[in-house]
Every structure is written in C-alpha cells, then in structure tokens.
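Quick look at what TrEMBL annotates:
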type: DOMAIN; residues: 154-294; note: domain 'Peptidase S54 rhomboid'
type: TRANSMEM; residues: 47-66; note: transmembrane segment
type: TRANSMEM; residues: 113-130; note: transmembrane segment
type: TRANSMEM; residues: 150-169; note: transmembrane segment
type: TRANSMEM; residues: 189-208; note: transmembrane segment
type: TRANSMEM; residues: 241-262; note: transmembrane segment
type: TRANSMEM; residues: 274-293; note: transmembrane segment
Amino acid sequence: RLSLSFQQRCGFRRAAKKAELKAPPPPWVPRDPPGPPRSFGRLLKPLLFTVGFTGCSFGSAAIWQYESLKSRVQSYFDEVRADWLEKLRPQKQGDFRKEINQWWNSLSEGQRTVSGIIVANALVFCCWRVPSLQRSMVKYFTSNPASKTLCLPMLLSTFSHFSFFHMAANMYVLWSFSSSIVSMLGREQFMAVYLSAGVISTFVSYVCKTATGRLGPSLGASGAIMSVLAAVCTKMPEAKLAIIFLPMYTFTAGNALKAIVAMDTAGLVLGWKFFDHAAHLGGALFGIWYVLFGHELIWKNREPFVKVWHDLRTRRPGGGGNGGGSM
C-alpha cells in the first residue's frame, strides 16, 4: 500500500513554476489542512463504517454459502443431464469458447475466486489513466483521514493502484496464495475476510496518520493481501516459500511473516513514507487474529443468523412453504 506522494512523483501533474512565484496546485490534488482534521473525533464515522461493513461482509458470506449449498443440490442433476447430452453432440475442434472453458476449469477454486478481484483492480487501474477521472479517483479511490470523504474510500482504495508495478506485485502475491487461503477458509469466508481486512487495515492507517500528524492519501490492496498472507503463514508456519527472482533460496512461512511484521513495525516507528506500514500491520494482525480466534468467534457461530435467513426465505411465496425445504 503506497503513499500518494510517491505516486505523484510517478505521474501526477504539478503546477508550473514562475519567477519568484509558486503557482497553486490543481484543485483536485489533496492537501493536508491544518488543525481540525487531526482530531480523533473525525474517526468515529470510519470506526462505525468498519464495524458495520465487517458485520455485513460475514453476514453476506454466510448467506452466500447457504444459497450455494442449496443450489448445488438442485444443479447436480442438471449437470449430469448436461454431461450426457454433451457426449451425444459432435465435438468441435478448435472451438475458442471450449478452450476458454477448459482453461477456466483447470484453475483451482482459489484462482477462480481471486480472478474477479484481479479484474476489478485492473479496471480501476485503467480509470487512473483517464485524465477526466483524476479528480474522482483521488476523492474516492485514495484513503486519507484529512479528506471530506472518509468511509467509501476505505473500501475502494483497496482496489486502486496508480503504478502498474505496484498492482502487478500485489496481484501476483494474491494469486500465489489464493489456492491455500480458499482451501483453508472456502471462497465465501475468504471474500469476507479479504474485504473486511481491506477496510480494517485502512482504519488502522487512519488512526496512525491522525496520531502522528502525517496526513496524506494512500492506495493499494497490500493491507488486504497482508491479511491473506498472515493467515496462511499462521496456519501453516512450516510451509516453504521462495522469492520469485531467487527460487533457490527457501524459508519457512513463519519466518517470512516475522520478517515482514518486523520491517513494517520499523517503518512505522521510524516514519518511512514509501509504504503505508500502518495499513500493512493492520492487515497482518487481523489475519493472525482471525486464524487464531476470529474463525471460532465469528464463522462457527453463524448458524443462528443462517437459520433466520432460512426461515425468511422459506416463508416467502414460492420459497418452499412454511419451514419446508430444510437442508
């Protein structure tokens, strides 16, 4: 997760200098206002948004899982019939659509799950290249505790990258850990953890920026990805990892997590401005907490909520009658 001051050096427009006069920056470039924005009272709405969004994410994931399980039972026989009909049809050679389907089916469930996230990040990256959208992108797709818009950017900034290398590095890490994390949590729970981690890591960044007075915008998926990495490394600390450019050197996942946390802690204490170290730490700590405690406290206690949803769903017209269709 990068600071936008670095991104401005990579391509944002700057006002031209004149003799002994400094022209004001464009109105859409964020500036750090003095005094009031540093008040912790401004963080009340982001706190409520973080709690509410996290609850809605896990509630939606529980409903999604319930609906998926129910639809699989219904679609099982349809798939059997479709496979039988497919065998009767003449096979087409060189069918592009068939090749795409074969490639898609060859992916793991985790890779298919994160494909949508990668596409969303790519679309937002393309929007950064449109000059007429710059003002809106800075307002809604960068998180800044000094901004007038505080809550929505906490989520949208986790899909936002101004630098192609920044996006490519984040998406590669997400793709690499996708199979492990989805196998461990399931796609529904993974999406809840990923989206919640993005908002939680941004809130931690808000708190640290407000406390230190180092106000400024940030963007990137690193906070959410750090949560995924930390969850996998905590669950499987003895797993062997390697750096893409140095595959001959391997290390355990537990040691990798310790090194990353130590580096981000040093960056936060020493005030390094290249990365948003507070967001990284927030995401990592949430991932560790969720594997150790959160799964038991949140996901395994979803049954009463799912039961309420089941009762509401089956009582609707065409929903299966009064209490019918129980699974």
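Our numbering is plain: 1 for the first residue shown, then up by one each step along the chain.
Heads up, the Cβ atoms here are built off N, Cα and C, so glycines get one too.
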*Contact set, same chain, for the transmembrane segment (274-293): CB under 8 Å, 6 or more residues outside the stretch*: 1-3, 6, 193, 196-198, 200-205, 207-209, 218, 220, 222-231, 234-235, 257, 260-261, 264-265, 267-268
*For the domain 'Peptidase S54 rhomboid' (154-294), DSSP counts of helix, strand and coil?*
104 helix, 14 strand, 23 coil
*State the mean pLDDT for the domain 'Peptidase S54 rhomboid' (154-294).*
91
